[in-house]
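Here the structure comes first, spelled out in structure tokens, and everything after it is commentary.
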Amino acid sequence: MEFAELIKTPRADNVVLHCPFHLAVEGTLCLTGHHLIFSSRRHDNAEELWLLHSNIDSIDKRFVGSLGTIVIKCKDLRIIQLDIPGMEECLNIASSIEALSTLDSVTLMYPFFYRPMFEVLEDGWSSFLLEQEFELLSSVTNEWRLSCVNKEFSVCPSYPPVVIVPKSVDDEALRKVALFRHGGRFPVLSYYHKKNGMVMMRSSQPLTGTNGRRCKEDEKLVNATLRSGRRGFVIDTRPLNVAQQARAKGGGFEQEVHYPQWRRIHKYIERFNILQESFIKLVEACNDQSHNMDRWLSKLEASNWLTHIKELLTAACLAAQCIDRESASVLVHGSEGTDSTLQVTSLAQIILDPRCRTIRGFEALIVREWLQAGHPFQQRCAQSAYSNSKQKWEAPVFLLFLECVWQIHRQFPCSFEFNEQFLIMLFEHAYASQFGTFLGNNENERAKLKLPQKTMSLWSWVNRPEELSRFQNPLYEANSLVIWPSVAPQSLQLWEGVFLRWNRPSKFLEEAEKERINIIKYNKELQARVNALRRRLAELEVVEVPGEH
Amino acid sequence: VENVRLLDRLSSRRAVVGTLYLTATHVIFVENGSETRKETWVLHSQISSIEKQATTATGCPLLIRCKNFQVIQLVIPQERDCHDVYISLIRLARPVKYEELYCFSFNPKLDKEEREQGWKLVDLNEEYNRMGVPNNYWQISDVNRDYGVCDSYPTEVYVPKSATAHIIVGSSKFRSRRRFPALSYYCKGNNASICRSSQPLSGFSARCLEDEQMLQAIRKANPGSDFIYVVDTRPKLNAMANRAAGKGYENEDNYSNIKFQFIGIENIHVMRNSLQKMLEVCELKSPSMSDFLWGLENSGWLKHIKAIMDAGIFIAKAVAEEGVSVLVHCSDGWDRTAQVCSVASLLLDPYYRTMKGFMVLIEKDWVSFGHKFNHRYGNLDGDPKEISPVIDQFIECVWQLMEQFPCAFEFNERFLIHIQHHIYSCQFGNFLCNSQKERRELKIKERTYSLWAHLWKNRADYLNPLYRSDHSQSQGTLHPQIAPCNFLYKFWSGMYNRFEKGLHPRQSVTDYLMAVKEETQQLEEELEVLQERLANLQKSQSGNNKVKSKQQDRSKQFGLYTSNNSLANTPQEYSNDLKSFPSRSPSQGDEDSALILTQDNLKSSDPDLSANSDQESGVEDLSCRSPSGGGCLPSEDSGKDSDEAVFLAG
């Protein structure tokens, strides 16, 4: 195995591990092809730390005499420090970690080697098929159809093989529309609002260019989603000037003259490197050890992270409002339609659709609106906030989405079936995982890598009853209503569960969560006991009754 | 005055028309039209400022800011009416005599005995006994019997046994306003104590033998330790400046075995301005995230909160971990000293984290030791420079601790908010005047009611569902994280944006859990009944009993289901104030109970809630700025209109 070549020193003794809020521990460090393993035999209970190499974002090494110190910064934002005696060992280990954590071939990643220790009850790869989704849709409307136009990924490489489109538009028209949209991402159905039959579509920008090219089929497709006489809204996630500039590069936006039934709203959402920089600055601020209160707030402000959260939530609320309150259909797009577009469409569904607030429904949402919709996870999540490399494809787009869900969760703590841990788990797995779910940039790549055959799906693991119980919100009471979050600065908070997770003592908060669970659990137990007794009594009384009269 | 418009702060489009009434005690706004005729009641004593703004085409705007952070914007059609209202309110909001305050006319229809019982709820003698004094080291001193030594101290003060009357009096002469060192908290476990005083009149070189003996006596009262900390809670520069005025701080050379320590908490003027700045940020109309964070930082408020916490943590650590006694002072020893001593006590002793204990703590460190409630909270018309949110800061420190230790406190956030409210409301006599002496002269206990009894009666509303007396967080000393901890201090929107319900979480975990716990209790009772019946049934067959209990069960069952349903479908009913007084619904009877409700802002928050609540969606609109204002569906026009205005502007 070629990993062996990368591991010059597979094992080092007398290594000291420093973790925040834990006493330093001495033990043995082992490197394997995919893990860094630290084990200490102190006390009776041997402590072990298993760290996926792919979770390592960056490492620093320094020496004091012959004692080497490696600081490992992880993609889940954790920082650990290893003191390794012996300069050579330390150098070897550092270079091995560096090599193993930056493998450039996907097929060398851990998911291809991971063998689950659990019995697979349900294969997650086929848990959320668009066909099932369409079946649900068909029970309420017959205006839509499943199209296999993209079967070979030939029309749009970043779309799944099947998509839902208006019934009145045939595959031939779709092919033409695809040529008129960036990356072939023609408008497809994202969400159907049962309450009033309004829909949310998503696409990429139209390729109008400077001379105002138009595409009759595109106009027809878009208009097919409108009820007669009604208007719709195009939510463009770029500011007007950016959209205008895009024309010079062949892109553009829907012009009023050609789309008279549509009103365009530009709602700017930051993208790519700006978000990545913001992420890096925020994490820096959170790790700042100084005692100065003022610097903390100004650093938090300067990171602009919460500004992005506020803008994203506002855009999603706007989309939801157009659908639910204005009874208008909505088309969402930015440039490529693979980032901010998906943030908006998926958050709007959280607000509008109670199903998306269940565990199963939220998983389906992520599969549908992120994985199948072609969010380039592999590019975006290649590095996290500690990366030194200035690659331009990384961006915490998915993390921002998860945080917005958390913000809504915080405002409606009883309306979600899952808890904060569930969101944090998704964040972790998007960046480093033993499962193949978040590998690849779209369904096309996943199919080529044969991920469903060669790797395990995250959902196969998560949806096992024993795992699910960790992610359930004890306070959940199904809430069938639309939930409108507040986007005022006073209502938005830093997501401590992710950003301060390793810098704050969590004991007291965990105890509180345990207490909450116990209160609910005890209540349910009593309910069960009371019901059982009632039944028992009822039976006894039935027997008694004849005797009474 | 009729046809007055009450504006929604966040959206000028959403205004209600109604009639404004001024009574001897309240400003009342009654909404026209709607069947419910919503009312907003504001106590005159809550009014902090009134601003008459330039007349516009629609009328004359009047802005009323309240001390409980409510902001009311009215537009009065006639300029003359507005002026009259303005002039009357200015007079009414600034009473000159204590007798004008609401507590002297407030009558909750309790008889004399109940009133006396109420005042007895918190008994400081009992409290000192609980702490373990008097004992071999500490005794009660009657030196201040008739307030002869210090008129801002209580009559009964605990001092070290070895401190004779001569030493006490001598020391008092060497201390600002004669506030000599006295016991605030005694730690039974290790004899360490927290004492408090004012600054010494040391100037550049003055000494006082008795004062030195006094500190020595405090040290001797803790035989386990060979020194005491003297903590000056002022910034060093301020303390040094005081020396020029013949005051100052202890010189370590003159006192044997003291360790002197400055902990820089700013003075009341800095704090007043800081709060002012923070409230300006809270009042911003649709601020951006940067506006808000920048404004919050610029106000310095959280930095000050942290400074107070740090001081409390330092003292608690000295007492609990080092077993060293601490003498705390600032300038006069009635503001920062009270804050710091009470924070330290709260950290040290789980009793103060119970509902009753917290009342005792405020009574001990604030009321009895002469915190100048009247001056600080502007109950009577006075010098605006004396006003400062001193106890507000302490209350916020408690909230910050509650956030860090969710299971450690028996009470919830609502308890803190209501105490803050009543410190300003003057509805109860507890916080009147500047000292115990003044309160005794006014015969407060005979003429007014105690807030503690009122809160105690409604304690079910103030419980923290996560609190268990046997939980590890409710034992022993709390150890807040010291560093890095900046991010642990958060903006308290529940207090400072208290009346903007739209900003708060729409579902309250606390209320939800309390409802579950209540249900659990009912289930426990039912279980017992059922088990008993089962036993009876198995033994014999008695028919009568059965029918009766069956009915009982049904009614219980019904109660359970309704409570669950309301939780699931209309979360907004769980926002704070509607739930806060469930045990005192107006249907309970007499006029006065209705009046109490209004005092507690049930009424005033009502329009807020109803304006935002939307039965169709079950939740409030997008940060109160959605087009579809009231409960009805949006009209096409207004909706589209606001879409642009609201979201595009942002």
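Numbers here mean position along the shown chain, with the first residue as 1.
Every residue, even glycine, has its Cβ placed from backbone N, Cα and C.
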Given ranges B:37-64, B:429-456, B:513-540, the stretch to which TrEMBL attaches the annotation coiled coil: B:513-540
Residues from the same chain, set at least six apart from the ends of the domain 'Tyrosine specific protein phosphatases' (B:299-343), whose C-beta lies under 8 A from its own: 152, 175-177, 179, 181, 184-185, 187, 190-199, 215, 218-219, 221-222, 224-225, 227-234, 238, 242, 247, 258, 261, 263-268, 270-271, 274-275, 277-278, 280-281, 352, 361-362, 364-366, 369-372, 376, 388, 390-391, 393-394, 396-397, 400-401, 477-478, 480, 482, 485-486, 489-491
Rounded to the nearest Å - Cα separation of B:ARG336 (substrate binding site) and B:CYS330 (active site, phosphocysteine intermediate): 6
Where the record names B:ASN267, B:ILE268, B:CYS330, B:SER331, B:ASP332, B:GLY333, B:TRP334, B:ASP335, B:ARG336 as binding substrate, the maximum Cα to Cα distance in Å: 12
Spatial separation of B:ASN267 (substrate binding site) from B:CYS330 (active site, phosphocysteine intermediate) - C-alpha basis, Å: 9
B:TRP334 (substrate binding site) CB neighbourhood, other CB atoms within 10 A: 27
For B:ASP332 (substrate binding site): intrachain residues, at least 6 apart, with Cβ closer than 8 Å: B:SER176, B:ARG177, B:ARG179, B:SER198, B:GLN199
Proximal but sequence-remote residues of the same chain as B:ASN267 (substrate binding site) (Cβ under 8 Å, at least 6 apart): B:ARG234, B:ASN238, B:SER331, B:ARG336
Residue distribution over DSSP helix, strand and coil in the domain 'Tyrosine specific protein phosphatases' (B:299-343): 31 helix, 5 strand, 9 coil
